[in-house]
Amino acid sequence: MSGNTLGKLFTVTTFGESHGPALGCIVDGCPPGLALCETDIQIDLDRRRPGKSRHTTQRREPDQVQILSGVFEGKTTGTPIGLLIENVDQRSRDYDKIKEQIRPGHADYTYLQKYGLRDYRGGGRSSARETAMRVAAGAIAKKYLAERHGVKIRGYLAQLGPIRAERFDWEIVEKNPFFCPDPDKISELEAYMDALRKEGDSIGARINVVATGVPPGLGEPVFDRLDADLAHALMSINAVKGVEIGVGFAAVTQKGTDHRDPLTPEGFLSNHAGGVLGGISTGQDILASIALKPTSSLRLPERTINCRGESAEVVTTGRHDPCVGIRATPIAEAMAALVLMDHLLRHRAQNMDVQPSLPSIPAYPGGGG
């Protein structure tokens, strides 16, 4: 299996399976001298960690990260950073009854078609459990971007099923299990998820990510456009079926006079482009949005086939998230951070001596909500 590495200068390679002994990753290309300890990484891992509320999977993984290399006396050395998280709450017996069945909506069918075998225990490598290492690596990128360049990356739940956030308060996001910015929607979300759990069904969600303080000039103008790499990274998250940058698909109904972002000496007057023009950052907030499908692991029966291609019925009895979007906010933040970190280092390597004659102008003040 190839395709386990992201990035060109700041690279992240992950390994491990849902029910294996551990998950791990190698972060290469981190500049030396960054103060780093396990606590710096654990903060984001705890935000993603399963089993924290009744609305997520009850698999209880502490996700305690270990730094194996690349840090000496509390600072990065510039050598590869090895990270490890042990799996401690696997319950593989939950999957014994379905090991011969192909779960609809999962990677069972495609893995068997591609590799001729699959790890039926929780999906193996295709499980969202793998994203723990993305969050761990992303925490390093977020710390560097914030401390060295003033870049802040935050996300929130914009919509869960039919429930949309209508008010916006960053202070509320970290104070509820949904990462929802609208205090008036929390009780509605809780009631909706309680009813959904009783039904045994699942639901999709939308997560928005905002990166502020991104300098202009990041991104390459053709195949490695900043927005293209962001879309690639965000689309690689399990269950993501759609990505938007800026207003995204709403641009279809906008006229050019509505969509273009006017410039004045005092700053931009809008940010429909989401902080990227021509594949290069403008200095405005980077705005990205992802749509996550409802999980297909349900205790409701569904038609399928078995490993011999015969008709069968499947009921999944393992522990699963009824809405994967509830825990996706720190994952989306991490993927955005990894892309921005990589492009910042690439820009510095090629363009550090460039002195633009054109002055930078301020970002549109309403571009991050």
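A Cβ is built for glycine as well, from the same backbone N, Cα and C atoms used for every other residue.
Listed in Swiss-Prot:
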type	residues	note
BINDING	ARG48, ARG54	NADP(+) binding site
BINDING	ARG125, SER126, SER127, ASN238, ALA239, GLY278, LYS293, PRO294, THR295, SER296, SER297, ARG319	FMN binding site
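What Swiss-Prot annotates, mapped onto the structure for a quick look.
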residue: ARG48; record: NADP(+) binding site; Cβ neighbours (10 Å): 23
residue: ARG54; record: NADP(+) binding site; Cβ neighbours (10 Å): 12
residue: ARG125; record: FMN binding site; Cβ neighbours (10 Å): 19
residue: SER127; record: FMN binding site; Cβ neighbours (10 Å): 19
residue: ALA239; record: FMN binding site; Cβ neighbours (10 Å): 20
residue: LYS293; record: FMN binding site; Cβ neighbours (10 Å): 17
residue: THR295; record: FMN binding site; Cβ neighbours (10 Å): 23
residue: SER297; record: FMN binding site; Cβ neighbours (10 Å): 24
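ARG48 (NADP(+) binding site) falls within a helical segment according to DSSP. In the three-state DSSP scheme, ARG125 (FMN binding site) is classed as helix. In this structure the alpha carbons, written CA, of ARG125 (FMN binding site) and ARG54 (NADP(+) binding site) are 25 Å apart. Cα separation, ALA239 (FMN binding site) to ARG48 (NADP(+) binding site), rounded: 15 Å. Cα separation, THR295 (FMN binding site) to ARG48 (NADP(+) binding site), rounded: 17 Å.
The shortest Cα-Cα distance between ARG54 (NADP(+) binding site) and any of the binding-site residues SER127, LYS293, SER297 is the one to SER297.
When the alpha carbons of LYS293 (FMN binding site) and ARG48 (NADP(+) binding site) are compared, the span between them is 18 angstrom.
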